[in-house]
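K.L.:
Take a look at this one; I'll ask things after.
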């Protein structure tokens, strides 16, 4: 479990070692921390990739798209795996750490994508707050076009905030292995900037979004509960007006007007109920995502405040057993806090499944489509391979046949040419024979003509 140092395997040397800094590397706490540091990101990243791919296609379906909040959720499904992917490149030694330029670009992308993801949650909550508190202005302000402009502006602002990483980040030597490099702040020149940036990062990434999302979510819940009470009261009044126990005490005309007004109000309430039911699943999804964000970032926020106040996560300067034991245990807590804040990037898909029936149907439709498409694609690929093999074999046979026919034709041509050459080289016997026959025929003809002249009748 984890990378155990070589000196830990020699028990005698370990016992005789006087420094608890080296002894603590053999403890179980150190091995647990190393195991969590290595394998937790490798577990979260594949889950995030698969779940966010399903979320992306489900949110693009006809039943889910059409609102600004759905568009923000679609952007989140793209950015969440990017956050984990860029962070994992820092967690593990890679070829990027050997180049200072790649380190600067990597840290810049980590903070831009991370800030954009967090503040999209804030904007989503503000968008839903605006829709709940000012429903008449939703059609004008909360549009997909404005949501696109807001996303572009947000990326530009986070890029400006994270621009300082291009000169504060460098490729430094790994503290435990001099042969390796790691991407980190250049503490020799920018130690003060790094300390200031630590608190600024906490405010931008965690504290301020935490406060805004908490306040806006509470206001949304308050307004929804208030509207539900008003709807119940109106529904009770409409029922009482439609079923009046003393209809004779009121004039006929006024009673008819009240009934008509109650029917109109009931129809309008039914229409509003349909519209609210269409957007209700988006509201529940948003509140659930905001709640999970608060749940996962609250421990990290508390831990950061305590660590910055008391500094209990620093390495002990005294060779004391209990101090080093506490330090190694706090290392486990630190890794869990960081991984817990990263877990939200893989949890949104499961929140959508639990809170929205339309999202579940969209995901089920995608899974069924994949279940039917994959065998079809595999069978077609197999058919294509067999047909290509058959066509290649046919092409080979045809080439062989053409080659053989060409060779036969070539041999025949050579034979004819050879026979012609042989006939041309022979002596002209046929000419002598022809001349002999012609002379013989001429003499015979002349003799016959003389005979006819002698024996002809007078």
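A Cβ is built for glycine as well, from the same backbone N, Cα and C atoms used for every other residue.
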K.L.:
Using TrEMBL as the reference, determine which range in 66-85, 226-245 is annotated transmembrane segment.
P.N.:
66-85
K.L.:
Pick from 181-201, 202-222, 307-327: which range has transmembrane segment per TrEMBL?
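P.N.:
From TrEMBL, the annotated transmembrane segment range turns out to be 202-222.
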K.L.:
Tell me which of 282-306, 332-356, 382-406 corresponds to the transmembrane segment entry in TrEMBL.
P.N.:
282-306
K.L.:
Under 8 angstroms for C-beta pairs, at least 3 of them, ignoring pairs fewer than 6 apart in sequence. Is the transmembrane segment (202-222) in contact with the transmembrane segment (105-126) by that rule?
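P.N.:
Answer yes: the transmembrane segment (202-222) meets the transmembrane segment (105-126) with 3 or more Cβ pairs below 8 Å.
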K.L.:
Which range out of 38-59, 66-85, 105-126 gives the transmembrane segment (362-378) the most CB pairs under 8 Å?
P.N.:
38-59
K.L.:
Same chain, outside the transmembrane segment (38-59) by at least 6, Cβ under 8 Å from its Cβ: which residues?
P.N.:
2, 65, 70, 73-74, 77-78, 80-81, 84-85, 87-88, 91-92, 335, 339, 342-343, 345-346, 348-350, 352, 359, 362-363, 366
K.L.:
Given the model, what does the mean pLDDT over the domain 'G-protein coupled receptors family 1 profile' (51-352) come out as?
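P.N.:
When the pLDDT values over the domain 'G-protein coupled receptors family 1 profile' (51-352) are averaged, the result is 79.
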K.L.:
Could you pull out which residues elsewhere in the chain have a CB under 8 Å from any CB of the transmembrane segment (105-126), counting only those six or more residues past its ends?
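P.N.:
Answer is 69, 72-73, 75-76, 79-80, 82-83, 86-87, 89-90, 96, 150-151, 154-155, 158-159, 161-163, 165-166, 169, 183, 201, 204-206, 209, 212-213, 216-217, 220, 286, 289-290, 293, 345.
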